[in-house]
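As structure tokens, the structure follows; a few thoughts come after it.
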Amino acid sequence: MTGGADAYYGRPVIKPPVWKVPDVPLYLYLGGVAGASSTMALLADLTGRDRLACAGRLAAAVGATASVGALVHDLHRPLRFLNMLRVIKPTSPLSVGSWILAPFSGLAGAAAASQLTGLLPWAGRASATAAGVIAPAMTTYTAVLLADTAVPGWHEVYRELPFVFAGSAVSSAGAVGMLAAPQESAPARRMAVGGAVLELLAARRMDRNAGMVGEVYRQGRAGAVLRAARVLTGVGLGAALLAGRSRVARVAAGVCLNAAAAATRYGIFEGGRESARDPRYTVVPQRPA
Amino acid sequence: MARNRLSGPLADPAGEVGYPADHPERVGFFTDTSICIGCKACEVACKEWNLLPEDGLDFTGMSYDNTEDLSGTTWRHVAFVEQERPTVDLGMPAMGRDSDQVRWLMSSDVCKHCTHAACLDVCPTGALIRTEYGTVLVQDEVCNGCGYCVPACPYGVIDIRPDTGGAAKCTLCQERLGAGSMPACATACPTESIQYGPLDELRARAERRVSELHEQGVTSARLYGHDPDDGVGGAGAFFLLLDEPEVYGLPPDPVVTTRDLPSMWWHAAGAALTAAAMIAGSFLGRKR
């Protein structure tokens, strides 16, 4: 296609997503933090790190609840939210996701409530354990949610996207643990570092394998946001490595890695929208060579 | 997993979802754009029958097309393509730029009622269903307006209705079919550019029409969406076009996104296990 000459007046071929900002990027980010925090809480509990377990449980509950809130707010008919649980459809990542998110947020909420009130400690612990086991699914199902669309920027990277989201979730949850439980933060720091490395490597791989549509993640607003996310991840990673000795580094790592995780989700969301608006990304890869 | 229930040819989509064997034949549209005159009677008939609100009077400046595209409140859309191209020189006296003439391409676009419909696959509430006629229908009273179907459609058809918040698109006039009538657009079309009927019959008729045009020297005529081996398992509404699909705003070779869904879930599971292993690994070693 030379410019817009052959396309239909340069109009998009597919419909750009109607999902709203900040609702959906927030939903993606919060779900990731909540999931990884919950597994962190479970392991902290098993290894006798009470403060880290408490921080993880609270982060899981707050993140999951807010994530549900963002999802419901994004619906065009929010009062019918429960219709999400009307059927179980393996072909719909949002149906599968709802059936992960609903029990997870319920269990995480119960665990946090028990933690805060001291009531029914055995039930709280059982809930926290169950939530922590479901939790890893929380960190990656949203990648399938985006990839299972006709949006070229999302579909083309379906192999790498879950790893980007997983790394980002682990590093941001580790960062939460560093901020909230400084005395027991060694495992959280290792999560922050490992997650950040995974995120950077997966993002790099995604960039290399995306083909022509990869340029939406390098240009415009999405490009700027993702560059900022990479810088924040890098700074957060460096700060996390120094955080054993310095309080300032610990706080900087905590803040930077969470900002990076949120920015990564928003950048990928925005890049996908751009790839849907420009008909080239739909048409050119579909044309016979 | 090249051939699974999520993609590939499928003889009977209605039977596949459990309608009894005596369900009606699969029906659809064959839109022959070579005889479309751009009257927009289909757009009007669709709006009238389906009680769809007007979308405002926008001047787009793009040819004669002020409808712009299919939307939640526009279920038929006539595309107008104005092409300037050299024509055969007959040696006749002419005014102005006699080497260039305008060729009009007009095509009434509609929901494709795919054999493998991504909108239906991704709908989390079950609002989108396969009907007994093999078409794809939104049950408005179930839809919660999540909007997942919108970016899932490889043709950019389905959309959220601004006035109701629900997803909406062509129903193939489901209630008219039940009463033994044709869809409103096909009934209103004065040139029979929009033909309605059993899909097998339409496919055979379309093959005859395309050979007829080729015999007449219209070598650019081609069918679009008729092939059960294509990326959506064949469309229930297919077209005869006179130029490349993208010229009409159609994707050249769309693939239902859920074809790759099993692989997507495997990758997500691998990533989730990686996350779990990473978190667990962070707790190994000395306690601090």
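Using the three backbone atoms N, Cα and C, a Cβ is placed for every residue, glycine included.
Around the Cβ of B:C36 ([4Fe-4S] cluster 1 binding site), 24 further Cβ atoms fall within 10 Å across all displayed protein chains. The annotation [4Fe-4S] cluster 1 binding site is assigned in TrEMBL to B:C36, B:C39, B:C42, B:C189.
The [4Fe-4S] cluster 2 binding site annotation in TrEMBL covers B:C46, B:C170, B:C173, B:C185. When secondary structure is read from DSSP and collapsed to three states, B:C173 ([4Fe-4S] cluster 2 binding site) falls in the coil class.
TrEMBL lists B:C111, B:C114, B:C119, B:C153 with the feature [4Fe-4S] cluster 3 binding site. Sequence-distant neighbours of B:C153 ([4Fe-4S] cluster 3 binding site) (same chain, six or more apart, CB under 8 Å from its CB) are B:A118, B:C119, listed in sequence order.
Shown in sequence order, B:T125, B:A127, B:L128, B:G166, B:A167 are the residues of the chain, 6+ apart in sequence, with a C-beta less than 8 angstroms from the C-beta of B:C143 ([4Fe-4S] cluster 4 binding site). Among the features that TrEMBL reports, [4Fe-4S] cluster 4 binding site is placed at B:C123, B:C143, B:C146, B:C149.
As annotated by TrEMBL, domain '4Fe-4S ferredoxin-type' applies to B:27-56 (among others). Restricting the average to the domain '4Fe-4S ferredoxin-type' (B:27-56) gives a pLDDT of 97.
The domain '4Fe-4S ferredoxin-type' annotation in TrEMBL covers B:102-133 (among others). Sequence-distant neighbours of the domain '4Fe-4S ferredoxin-type' (B:102-133) (same chain, 6+ residues past either end, Cβ-Cβ under 8 Å): 6-10, 13-14, 16-17, 19, 23-29, 31, 33, 36-38, 42-43, 70, 75-85, 139-140, 142-144, 146, 148-149, 152-155, 157-158, 166-167, 169-170, 172, 174, 177, 185, 189, 193-194, 225, 228, 232-239, 241-243, 247-250, 256-259, 261.
Annotation comment: TrEMBL describes B:134-163 (among others) as domain '4Fe-4S ferredoxin-type'. Note on the domain '4Fe-4S ferredoxin-type' (B:134-163): residues 12-14, 25-28, 53, 69-73, 110-114, 117-128, 169-172, 174, 199, 231-232, 236, 250-251, 254-257 of its chain, located 6 or more positions outside it, place their CB under 8 angstroms from a CB of the stretch.
Marked as transmembrane segment by TrEMBL: B:264-284.
By a simple count of nearby Cβ atoms, those within 10 Å, the most crowded of the binding-site residues B:C123, B:C173 is B:C123. Cα-Cα distances to B:C170 ([4Fe-4S] cluster 2 binding site) place none of the binding-site residues B:C36, B:C42, B:C114, B:C146, B:C189 within 10 Å. Between the C-alpha atoms of B:C42 ([4Fe-4S] cluster 1 binding site) and B:C123 ([4Fe-4S] cluster 4 binding site), the distance comes to 28 Å. For the binding-site residues B:C46, B:C114, B:C146, B:C185, the largest tally of other C-beta atoms within 10 A is found at B:C146. Proximity to chain A, taken as a Cβ less than 8 Å from one of its Cβ atoms, holds for none of the binding-site residues B:C39, B:C42, B:C111, B:C170, B:C185.
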